[in-house]
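Participant: The structure follows.
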């Protein structure tokens, strides 16, 4: 799958460094743009319940989050400067000639190693700060944030050529697991139909498709992703996989954009990122092997070993989503609809307990005329500018926090719909209208379902 091994290692390493630097800079641009668009989610300037990923009772997110956010911003800025400087030096013909005249081969290799060390340390710090921010609020485990975290592990653990190799594997896994997550009856019946409607909306004429034809067309969506993953795995087909991926993401930008379904801008930015990233990673079929010799440094060997363990785990863990272990987004269930669902209904008489900024996201339904349904996703977009984390554990925690914060007590109806059967789309439903019963149900999740916002406010008042 690799090209023929060249005789000289240094030019290969230099090219790998340039490619890694380009991808690093693109990843940092994605980080800055996405955090800017979802800024309230990261600085806690919202009223949406704050649910840590694990029980962090000893931490105060009001302070820990702010410190981590500052570290994240400073580190990312330093990396941007580092990457731009490195690219400018690499692409400047005059500086390149001067270096060739004044530096020996050993000097060039030494400078490259120093740059790699600096690069890896900065990315490690960024990963730690981003990981802490996700731990203190699982709402931040957006799919793009998880992707950046995995890329950061690759950048910080491996030398340039190896980091590109592992990032390519992560990218292929995204297409593979995303395709598998949509190969079910639920996608054919729900989200897939929405995507098809967005596609038909772009056409200049109205087309009336039969139900069977709509199902066939919707079924092609995950098959295209699966084909991309397969084509990208092999050298002889990689360029076709790259081209097909460009068509996919360009099509998604049109379908999800203002002329289609009019989704939020961060979704379009993420698809644009894939257009550029895939061109960096897969446009060339001749990947540069890592010919740099291992200097035998124990810390470097340990770092690469730990990096391999982390990335291999990240590559395999999404498969456990098929058994309801891995969450939907870390499992790359993108646009999938099979996951468990949560609905929260509040009695009309208790609606006055909700503040206006929450009550405006309630609406009546025919099924429960004595209740109003609180749309947890619309509320999330309004408060944080980001979609709610689509996991029943998180949504149950949000529902529970809402009932506790606004004194709803037992004047509610909570409905939990299980993960849909892959081939029939059927779900099992359970209902709760008692707060203590809902608390017992919430305690059954493996990860945390308790908010910390009220605890923080008490600490600040003290």
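Please read every residue number as a count from 1 along the shown chain.
Note that Cβ sites are derived from N, Cα and C of the backbone, with glycine treated the same way.
Remember, TrEMBL labels are computer predictions, not curated facts.
Not measured: the values here are computed from a predicted model.
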Participant: Transmembrane segment per TrEMBL: which of the ranges 23-42, 83-102 is that?
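Facilitator: In TrEMBL, residues 23-42 carry the label transmembrane segment.
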Participant: In TrEMBL, which of the ranges 2-21, 62-81 has the transmembrane segment annotation?
Facilitator: 62-81
Participant: Select the range from 23-42, 144-162, 216-234 that forms the most Cβ-Cβ pairs under 8 Å with the transmembrane segment (174-196).
Facilitator: 216-234
Participant: Between the transmembrane segment (267-285) and the transmembrane segment (23-42), are there three or more CB pairs that fall under 8 A, provided the residues in each pair are separated by 6 or more in sequence?
Facilitator: yes
Participant: Using Cβ atoms and a strict cutoff of less than 8 Å, what residues sit near the transmembrane segment (144-162) while being 6 or more residues removed from its termini?
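Facilitator: Contacts of the transmembrane segment (144-162) (Cβ under 8 Å, skipping residues fewer than 6 from its ends): 12-13, 16-17, 19-20, 23-24, 27, 30-31, 34, 116, 119-121, 123-124, 126-127, 130-131, 134, 170, 174, 266, 270, 273, 287-292, 303-304, 306-308, 310-311, 314, 329-330.
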